[in-house]
Amino acid sequence: FARVWIPDPEEVWKSAELLKDYKPGDKVLLLHLEEGKDLEYRLDPKTKELPHLRNPDILVGENDLTALSYLHEPAVLHNLRVRFIDSKLIYTYCGIVLVAINPYEQLPIYGEDIINAYSGQNMGDMDPHIFAVAEEAYKQMARDERNQSIIVSGESGAGKTVSAKYAMRYFATVSGSASEANVEEKVLASNPIMESIGNAKTTRNDNSSRFGKYIEIGFDKRYRIIGANMRTYLLEKSRVVFQAEEERNYHIFYQLCASAKLPEFKMLRLGNADDFNYTQQGGSPVIEGVDDAKEMAHTRQACTLLGISESHQMGIFRILAGILHLGNVGFTSRDADSCTIPPKHEPLCIFCDLMGVDYEEMCHWLCHRKLATATETYIKPISKLQATNARDALAKHIYAKLFNWIVDNVNQALHSAVKQHSFIGVLDIYGFETFEINSFEQFCINYANEKLQQQFNMHVFKLEQEEYMKEQIPWTLIDFYDNQPCINLIESKLGILDLLDEECKMPKGTDDTWAQKLYNTHLNKCTLFEKPRLSNKAFIIQHFADKVEYQCEGFLEKNKDTVFEEQIKVLKLSKFKMLPELFQDDEKAISPTSATSSGRTPLTRTPAKPTKGRPGQMAKEHKKTVGHQFRNSLHLLMETLNATTPHYVRCIKPNDFKFPFTFDEKRAVQQLRACGVLETIRISAAGFPSRWTYQEFFSRYRVLMKQKDVLSDRKQTCKNVLEKLILDKDKYQFGKTKIFFRAGQVAYLEKLRADKLRAACIRIQKTIRGWLLRKKYLRMRKAAITVQRYVRGYQARCYAKFLRRTKAATIIQKYWRMFVVCRRYKIRRAATIVLQSYLRGFLARNRYRKILREHKAVIIQKRVRGWLARTHYKRSMHAIIYLQCCFRRMMAKRELKKLKIEARSVERYKKLHIGMENKIMQLQRKVDEQNKDYKCLVEKLTNLEGIYNSETEKLRSDLERLQLSEEEAKVATGRVLSLQEEIAKLRKDLEQTRSEKKCIEERADQYKQETEQLVSNLKEENTLLKQEKEALNHRIVEQAKEMTETMEKKLVEETKQLELDLNDERLRYQNLLNEFSRLEERYDDLKEEMTLMVHVPKPGHKRTDSTHSSNESEYTFSSEIAEMEDIPSRTEEPSEKKVPLDMSLFLKLQKRVTELEQEKQVMQDELDRKEEQVLRSKAKEEERPQIRGAELEYESLKRQELESENKKLKNELNELRKALSEKSAPEVTAPGAPAYRVLMEQLTSVSEELDVRKEEVLILRSQLVSQKEAIQPKDDKNTMTDSTILLEDVQKMKDKGEIAQAYIGLKETNRLLESQLQSQKRSHENEAEALRGEIQSLKEENNRQQQLLAQNLQLPPEARIEASLQHEITRLTNENLYFEELYADEPKKYQSYRISLYKRMIDLMEQLEKQDKTVRKLKKQLKVFAKKIGELEVGQMENISPGQIIDEPIRPVNIPRKEKDFQGMLEYKKEDEQKLVKNLILELKPRGVAVNLIPGLPAYILFMCVRHADYLNDDQKVRSLLTSTINSIKKVLKKRGDDFETVSFWLSNTCRFLHCLKQYSGEEGFMKHNTSRQNEHCLTNFDLAEYRQVLSDLAIQIYQQLVRVLENILQPMIVSGMLEHETIQGVSGVKPTGLRKRTSSIADEGTYTLDSILRQLNSFHSVMCQHGMDPELIKQVVKQMFYIVGAITLNNLLLRKDMCSWSKGMQIRYNVSQLEEWLRDKNLMNSGAKETLEPLIQAAQLLQVKKKTDDDAEAICSMCNALTTAQIVKVLNLYTPVNEFEERVSVSFIRTIQMRLRDRKDSPQLLMDAKHIFPVTFPFNPSSLALETIQIPASLGLGFISRV
C-alpha cells in the first residue's frame, strides 16, 4: 500500500502507511504509523485534500530537492533531515538555491584540497557545497562576462557569515591576485576587523553579525582579484548601550578590556569588562573557547595588513575606550526637570581626556539642550532620564561614525588602481525575523527580505521560462506568490514609511497619532494590513513568510535618530585630530552609516543630494530620516543585484540550543518557509519539475521496454514507450533534448520499474528454487539408497557377528569353569602349606629363645661373681696401703729428728761429703731402676693401647675421618690439638675413653642422619636447580627466538623507515628544485618584462631576433655582475607601469633579507657552540683531526651558503636599482616622484644592511679559518673532493650551489657519525666480552657443582658422608670465603644468596643480549650510512654543482688531470659551439630522431664532443660546452614544455648523457660493466663528477615537468573514464538529477572512456620506449601516472554522493582490473603502480561488501587499511542505493566503524594529495654501445663535426 505524510503537532509531519485502498467518497483513511500504532485519519470535509504521498526510498537523500518526484513540504523536510542526521551532509541543492544547515561543529570539508577538487568542476557533478556555488559564479563571470552575486541569508546563528567567508576564501584561493600585493589576503583580512566591530554574542549565536554587508570582489580581464569594496546595512547601534540577558556588546570592547594590561593600552585606563556599564549588562562577558586577548592581536594584525597605521589604530582604541567611559558617566537629579554631574567626575574626566574635549563644555551640554525658535534661542536643562538617553544617543552616534570610518578605510585599502573588469558580490544579510515584540528594526529587516524575496521569485520564474523556451515546451503561466502588494504597502505613496516620515515632521507627532493614521489609511482597505484586537498601538502585516505584529512604540524616535547638535559641536572642536574626521560629512551629506537610536544602521553607497533652501533649514532638518535612507540604500542594492546573475545560499539553523547535528523539525520548517525554499519547490511543482534527457530515460527504463520497442532513434523510442506507460498526455511533455514530467510521474515510473524488476526477480527465484529443490531431491534419493545399502550390510554383519560370539562364549565358559576349579584347589593347597610352615617356625623359635635365656643367665652369673671378687680385693688392698702409710709416716718422723740433731754438728757435714759419692752412685742405680720400671710401664701401656686399638679400630677410623673433615673445614690446627688431648685422655683413663666412644658413636649416628638429611636437601636443591636450569634454557631459547623475530621485524621496520626517510629527503630536495625552477622562471619573466619596459619607452612594438633573445643568458660572465654592482643609482622616476612589479620584488627581497638575518643568527649560535666544544676537547684534537676538520668544513659551508645568498640578493637589488634609476617614461615621472623616492631609500637601506651582513659573514669565516688552521686537516691535492679544495670551490659558488654544499656537509657529517659509531661499537664489544667471561665462569662453576653432586650420589653410603663433607668444604673454600662468616649458621640466607646469584646471572645474560642487539643495530645503521656515503661518493658525486644551472656564470673549477688513451671522439671548432647546440638541441625535432635514429643519439654526440675537449686538455671548452648544453635544454623545455614527446625525449637524453659521464668517468664503481674497449674511452684529463649533479638536477626538473604534462593530459579523462562512463553497460541505472545538470554516464561523442585512458597510456609508454628511456625510469613514470589516476578518482568519489553505490563499485573494480591488465601486458607489475591504486580498490570493495553486522564491521576495518578513517566514514555516509533492492547503511553501523577505528593513527585529511610527486631516482644504466661505431646522420646538419 501507499505511504503518506500526515500533519503532527510535534514532528510537523509523520510518516504512515495505508492499510486499505482509498476510494472516492471515503471520509476516513486507515493508517499504520511507523511506531507501530494504527490510526484513523479523517479527511477535511471542505477541501477533501488527501495526505501527501511519500517518495520512494530510492529518492530519499538526493543532492537536489527538485529531483524528488513528489515536491511538497514534508518531502523536503524529510530529505534534509536524512542528509543532515544520517549522512552528516550539511549542503543540499533546491533548484538554484543552496540550502546550508549549520552543524554547530567544525567539519574537515573546507581545506585547500577540497577547493582544488571543486575548482573547474560542473556544479551538478559534485556534491552540494558552498565551493560549488562559488565556482559556478566564478565560471559564469568568466564565460558570460557578466557580474555575479551570491546572496547569503538566514537567521542569526544559521551560519551566514561563515558561508560568506568560505565563498570569499574560495575566490581568493582559485583566482589569485593580479599583482604580488596579495589582495586576496587583504580581502580575507577584512573579516576579523568587521567581525570585531560588527559582531556580538546573542542568545542564538556566539558570533552574530549585527549588520548586513555586501562585498564586491573585483577582477581584472584575466579574472584575478584586484580589489574589493564593502557596503554595510543596518548596524545595530542600540547594542552599544544595551544588551539583553546572556548577550554581549560588540567583540571589540571585550577585546580591549582583555588587553588592558598591555603597555600601549595603559593610557586608555581600562579594566575588567564588568567595570563598565556598556559591557556588563548581559552578565556574560566571556564566550567559552574564545580568548579575547588573542582575538585582539588578530584584529590588530588585520588592521596592519590593510594599511591602517599604528597611530590610527590607537586612535580607534581611544574612541572605543572613551565610549566605555562615557557609559559610566552618572547624573544626579536636582529636580524633576534638571540634573547635574558630580564635580570632577572621573569617568567624564577620562572621556574628555581621551577625546581631547573641554570638560566643562561637555559636562554642560550633557545636562542641557538648546531650543531654537523663530526669534530667539533657549538653553533648557533636561531631566536625569533625558540626560541618560542623550548620553546613550551620543555613544551610539560616535560608534556609528567610527564604524563608518573603519569601513571607509577598509574600502580604501581594498581599492585597486587597476580598472575593474567584473566583480562578484557576496551579500551577507539577515533573514526574516519575528519575535514576541517586534519594533522598527524588525520592520526594516522584513522590508528588505520582502524585496529580496520578490527578486528571488522573479529570478526563479525567469529561469523556468527560459528552460521551457529552450526546450520548445508550450509555456503556460505559472501562478506564484507575488509580494508586490506587501512592498507597496510599505514603500508606496501614503505607505507605512511615507506616513512615518510625515509624522516625524509634525511638531507634536507621536507613535499613537501615527498608529491612528495607519488605521485610517490602510485598515479594511488593504488585505495585508490588520489591527490587533486588544491593542491600539500595534499593527499586523502579512509578509510572504508569516504574519508579524509590530509595536508602534519607539518607531518615531528611532526613525528620527535624534542626537543633540551641541554635543556634536563639542566633539568637533576636539584636539584629537581623528575625532573631528568622523563628523566631517555631517554638514555635507547624509552619512552612509547613519543609524537608528536603537536599531541598526543603513548604508547608502552615494550620499543623498542636500536639500535646497535656507541655511537654517539645513540645520533644522540636519538629515533625512532613517527609513528614507534605508529605502534608498535598499533600492540601490536591488539595482545592483538585478544587474548581476544571482546565486542563492539559504542558511538554516537546525536547533536553538547549538547542539551539533541535532534537527528540530519545527524550527527548520519555519525557516524553510521564510527563506523561500518551499516557494521554489511550489513553483517547480506547478510545472514539470522532473526532467530527463532521452538517453538517461532510455538507460533507466530500458527494463520497461520490449525488444521490438527499441529503435535506433532513442527519442522516438522514448515517445512510443511513454505513450503506452502514461496514458494522460498532460502528465509529460517532449522537449528538444529532454522529457518533462509532472510531479509524481517519476515515482509512478519507478513503481512500474520496481514491479517489473520484482516480477523478474520472482521468476528468477522460482526457477532457481525449483532447480535447487530438484537437485536436493536427487541428492536425498541417492543418499537414501546409499543408506539402505549400508544398513542392510550392517545388519548382515551384525548377525554373523552374533553367531561367532555364541560359539566363542561356549568355549570361554568351558575353559573358565576348568580354571575356577583349578584355582580353588591351588588356593587350598597353598593355605595348608602356609599353616604348616608357621606352626613349625613357632615351635623352633620357642626352643631357640629358651637356650638363649639360659646362656645369658650364665654370663650374668659370671659377671656378678667376678665383680664381687674384685670389690673385696680392692677393699683389702686399700686397708693395707693405709696401714703402710701410717707406719711409714711414724718412721719418717723419727728419722727426721735424728737428722736435725746431726745437722747441728760439724761432723755431719763431713759425713755428708764422705758419703756423697756413694749417694750419687745410689742415685744412679736408682735412676737405672726407675728406667727399668718406666720400660715396664711403657710395655704395659703398649699392651693397653693394643687392646684399645683392637676394640676401637672401626670407631677410630670413622672418628679420624670425621674429625679430619671437620677440622680441615674449620680450623686445621684445632684438629691436631683435639687429637692430642684425646690421646692424653685415653692414656690416663681407659674407662673414660670407652665412655667417650659411646658419645662419639651417638654423635656419629646423629651426624650421619644430619648428613643424610643434608644430602637429601642437596638432591632436592639440585633437582630444583636442574628444573630452573631447564626453564632458564627454555626461556633463553624462547627469548632468543623472540629476539630474533623482534630484530627481524625491527630490521624490516627500520629498513622501511630509512627508505621512507630517504624518499622524504629526496622528495624535499626535488620539491626544492621544483620551487627553485619556478622562481627561476618567474625571475626570467620579470627580467624580460623589465627589459621590455626599459627598452620600449614609447608606445609601439619593436621586433627582436627571437633566436638571439632565446639564447641569451641571464648571466653569461661574472664580469656582468661586477658591472652591475658598479653602476651608480640614479634618481630618475620609474615608469608607472612598473609599480606593482617593482614593489612585489622589493617585498620579496625584504622578506628574504629577514629570513637570512634569522639564519645568520642561527649560524652565529652554532659557531659559538662549536667554539665551546673546541675549548672543551683540546686534549682530543690530536686523536681526531679528521672529524674536527669535517665539522669545520660543514660550518664553513653553512657560512658560504649565507654569503652566497647575500651575494645573490645584492645582485638582484642592484639590478632593481638599475631598472628603477636608468629608464623611465617622461610622461609619468612627476606624479609618482615621492613614492619612488621612498622606494629608492628603502632599497638603499636594504643594500647597506646586506653589506653589514656580508662583513659579519666574513668575520665568522675568519674565525672558522683560524680554528681550521689550529686543527691542521689532511691535504690531498689530487682530487676535487678534498676538503680544502672543496672549500675553495664552494666559496666560488653562488645560490644554485647550495644544494651541493648541503650534500658535502651531509657526507662529512656521515663520516663523523661513522667514527662515533665505531668507537661506541668498540666500547660495547669490550663490555660484552667482559660479561661473556663472567657468565662463562659462572656456567663452569655450576657444571662443576653438578658433577660433584652426581659423583657423591654414586658413592656407597659409607663414603657418601665423607664425599659430601669434602664437597661442602671445597665449595666453601672456593666460592664463599667472603660469605663464610655471614652465612655459616644461616643456610636459608645462603640459599637465597644462591638464587640471587642465578638471577644476577640471568640479568647479565639479558644485558649481554641487549648489548648484542644494540651492537647489531649499530652495525646495521653503520651499513646504511656506509651505503648512503657510497651512493654519495660513487653515484651522486654529481651533487656538487660547479655553477649555475640556467644562464648563470660557470665558476672556474679545478679539474684534476688524468693521462689515458683516447678513442671515439668528435672534433669541432670552438666558434661552431653555438651552431652545434642550435642544430643538436634547439632546432632538433624529437619525432624524427626517435623513429629513424638510435635512442639517445644527441647524448652520445655531446659526450663524444666532451671527450675530444678532454683529450685536448681544454677546460674552457669543456665548461663552455656543458654550460651551453644545459642552458639550451632548459630553453627548449621552456619553449615546448607542454609537449609530452619533447619533454620525454630530453629526459631520456639527459639521463643518457648523465650515464655516459658516469660510465666513462674512470671510477671503479662505474667501470665494472664496461668492456676493455670502453674502459679505454674513459676521460683522460678531467674529472667531471661535479657536473653530474647539475645534470641530475636538470633531469629531476625535466621529470617533474613530464609529470605535470601527463597530469594535464590525463586529468580531463580520469573522472569521465573511471567513474562516469559505464564500461559494463546496464549495471547501474541513472537516477533523477533535478535542476542541477550532471555529466552523463552514457558515452556520447567526445566523452572520455576507459579506452581513452588506456590509449593515452599506450601512447605515453610507446613514446618513452621509442626515446630509449631507462626501464626503471619508465616504471617510476607509470607509477606516478597510476597514482594520479587513483587519487583523482578517489577524491571525486568522496565528493559525489551519486557515485557511491554497489554498481559503481563494480564498475570501478572492473576499470581497475583493466588497468592491471595493461600493466601485465607491459611487464610493469613490479613497478609499484598497482599499489598506488590500493585506496581506490578498497573504496570500491567497501561499496560492495555487506554493511550490517559487527562481523561486517570487523571485516571492513581489516580490509580498508589503505583508507583513512575519515575516508571510510565518508564513503559509508555517501553510500546511496540505485535500486530498491539495495539497503542504506545504518547510522549505528557507521558508529560501530568509528568506534573500531578510533585507535587507528592516520591522517585526518579526507582527500588524497593528487599533486604529490614521488621522488625520482636515476639508477646507473651503462650502455653497451661502442662510441667508435656511432655514425652521425646528415639529417642533423652536423657536417662541421669530424670523427677522431
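In case you wondered, yes, glycine gets a Cβ from its N, Cα and C as well.
Annotated domain 'Myosin N-terminal SH3-like' per TrEMBL: 1-51, in sequence order. Note: the domain 'Myosin N-terminal SH3-like' (1-51) comprises 0 helix, 24 strand, 27 coil (DSSP; helix = H, G, I, strand = E, B).
Cβ-based neighbour count (10 Å, all protein chains) for GLU155 (ATP binding site) stands at 24. For GLY154, GLU155, SER156, GLY157, ALA158, GLY159, LYS160, THR161, the entry in TrEMBL reads ATP binding site.
Among the features that TrEMBL reports, compositional bias 'Polar residues' is placed at 591-604 (among others).
Long-range contacts of the region 'Actin-binding' (634-656) within its own chain (CB-CB distance under 8 A, at least 6 residues past either end) are made by residues 80, 84, 94, 96-104, 130, 133, 136-137, 140, 144, 146-155, 157-160, 163, 167, 204, 214, 231, 233, 425, 427, 431, 447-448, 451-452, 455-456, 459, 602, 604-606, 662-664, 667-668, 671-672, 675-677. Look at TrEMBL and you will find 634-656 tagged as region 'Actin-binding'.
Taken from TrEMBL, the feature coiled coil covers 906-1089 (among others).
Per TrEMBL, compositional bias 'Polar residues' is recorded for 1107-1119 (among others).
According to TrEMBL, the feature compositional bias 'Basic and acidic residues' maps to 1127-1139.
Among the features that TrEMBL reports, coiled coil is placed at 1146-1222 (among others).
Annotated coiled coil per TrEMBL: 1314-1355 (among others), in sequence order. For the coiled coil (1314-1355), the predicted model reports an average pLDDT of 67.
The annotation coiled coil is assigned in TrEMBL to 1401-1428 (among others).
Annotated domain 'Dilute' per TrEMBL: 1523-1799, in sequence order.
Taking the centre of the Cβ atoms of GLY154, GLU155, SER156, GLY157, ALA158, GLY159, LYS160, THR161 as the ATP site, the nearby residues of that chain (Cβ within 8 Å, site residues left out) are ASN102, ASN205, SER208, SER209, GLY431, CYS651, LYS653. Ranked by Cβ neighbours within 10 A across all protein chains shown, the binding-site residues SER156, THR161 are led by THR161. In the region 'Actin-binding' (634-656), the DSSP tally of helix, strand and coil residues is 9 helix, 8 strand, 6 coil. Around GLY159 (ATP binding site), the same-chain residues six or more apart in sequence whose CB sits under 8 Å from its CB are ALA100, ASN102, CYS651, LYS653, listed in sequence order. Spatially close to GLY157 (ATP binding site) yet at least six residues away along the chain are ASN102, THR202, ARG204, ASN205, SER208, LYS653, LYS658, judged by Cβ distances under 8 angstroms.
LYS160 (ATP binding site) counts 27 other C-beta atoms within 10 Å of its own C-beta, drawing on all protein chains shown.
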